[in-house]
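In what follows, a single structure is set out as structure tokens and then discussed.
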Amino acid sequence: MLRTFLALWAGRLAAFICRLLQRGGTSLPGYLALKIDPYLMGRLASRYEKIIIVTGTNGKTTTTNLLASIFRAAGLKVVHNSEGANMPAGVTTALLARRGEIAVLEVDEGTLGLVTRQVKAHMVLITNLLRDQLDRYHELEQLAAAISRALAAIPAATLILNADDSLVTSLGRGREKVRYFGLARTPWSQETTSEVLEGHICPRCRRPLEFNYYHYSHLGDYFCPQCSYSRPPAEYEVRDLELNSGGARFDLVYPGGKLPLRSPMPGIYNVYNVLAAASAALQLKIDPATVGRVVASFLPGQGRAETFSLGNKHLTLMLVKNPTGLSIALKTLTAGRGKATYLLAINDLAADGRDVSWLWDADLSPLLQAPYHRIICAGLRAGDMAICLKYQGVKEANLKVIPDQEESVDFLLEEPVDEGLILCTYTNLALYRRILKARGAVSEVTPLPSLSGTP
């Protein structure tokens, strides 16, 4: 009991100091508290009526923040790690803040097992499983096996799974409470793909899967010609999808109804994020009208296609961290866009993944086909990015290698075109936001409140 008291005191004091100094604070309070009481995360979690965990490779932060916004609009007191600090320390920091009726927790897929040992979640939402940080997560099948072991610790939890991802659906085998979400065929679905496929092996018999169509990467309508494994019917399904640069419109068909949704977030990956959050909310009996109202006004958080204005410049900042993420970001951001300057900032620090060979697996063709003015390569692995682009056909005269982040932004701002797109890996994200704001750029995204009590 004394250890728990000291841990709470230390964590909250650390959070107060971080607020006072206006420095970080999304993980440090939880880190210090867990050093004193390693079981504090579970003790704090037991105070909540419901706990929802959101995990997966891509889309965790946007899905978590949207789901938390829906719950708040429904009148619930929500605590969540809004800024994406998703390791055990970040989760504990969020839970330290104050009591609420519901906790919505983004959890890193690689450390899910550390969280579920203590946090008995009522629901787990899994967005997708894509190749990411091979030096840390290893192969996808190994990651799926680790997640399966983590879920075994919470057998009573309801799973909300992506039906279009064969690896994710395999996590529902043997579970009683499973619901699936997915997309019906869309005008953008393809019967063949040139992308480097990841989860294309049948989880049951290990034979290659076949596809009636793909949405992107290995997400789509799959089946195994050897055994009966196939995409399950989705209880929550997107139909009649319309996509453009201003967002998406579609019908969400769910048990007992159909909900027309309009989202200002562009890209099919954001359709999945909206679908995942809406599915979880509807499963928990949130009023469909509330879901629709929140989705219609929700914009992604910091660095998730965040837009800035600076004089006559219109700038977009986007996190990319794996080949699928970079491919789909380029496809979305270049669609219908005029001449622009692109800045790709690649680091290889621990949080980014040391192995940057994934750059060669990304589909860079949308960028090569776009009317770009210049492509700037920045960050610790600027040279690797430049070589990759050169081999894919970008002329050396159109490339500029500027490893220093501040210098790269200054160069971008001096370019004679009004559009600038910055795509960067994780450890570059906060730095580029600070640099842009220091130059006077104004974010057009209203930050979500941080309920962890820290900035």
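Here the Cβ of each residue, glycine as well, is placed from N, Cα and C on the backbone.
Just so it is clear, the model here is predicted, and its values are computed rather than measured.
Record features, source TrEMBL:
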DOMAIN    54-184  domain 'Mur ligase central'
BINDING   C202, C205, C224, C227  Zn(2+) binding site
ACT_SITE  D355  active site
Other residues near the Zn(2+) site, CB within 8 A of the CB centroid of C202, C205, C224, C227? P203, R204, R206, R207, L209, P225, Q226, S228, Y229
Candidate nearest D355 (active site) in space, where candidates are the binding-site residues C202, C205, C227 and distance is Cα-Cα: C202
Could you put numbers on the helix, strand and coil content of the domain 'Mur ligase central' (54-184), residue by residue per DSSP? 53 helix, 25 strand, 53 coil
List the same-chain residues at least 6 positions away in sequence whose Cβ sits under 8 Å from the Cβ of C227 (Zn(2+) binding site), in sequence order, or say none. C202, R204, C205, R207
Which residues in the same chain, at least 6 apart in sequence, have a Cβ under 8 Å from the Cβ of C224 (Zn(2+) binding site)? C202, R204, C205, R207, L209, E210, S230
Let's check the environment of C205 (Zn(2+) binding site): how many other CB atoms sit within 10 Å of its CB? 12
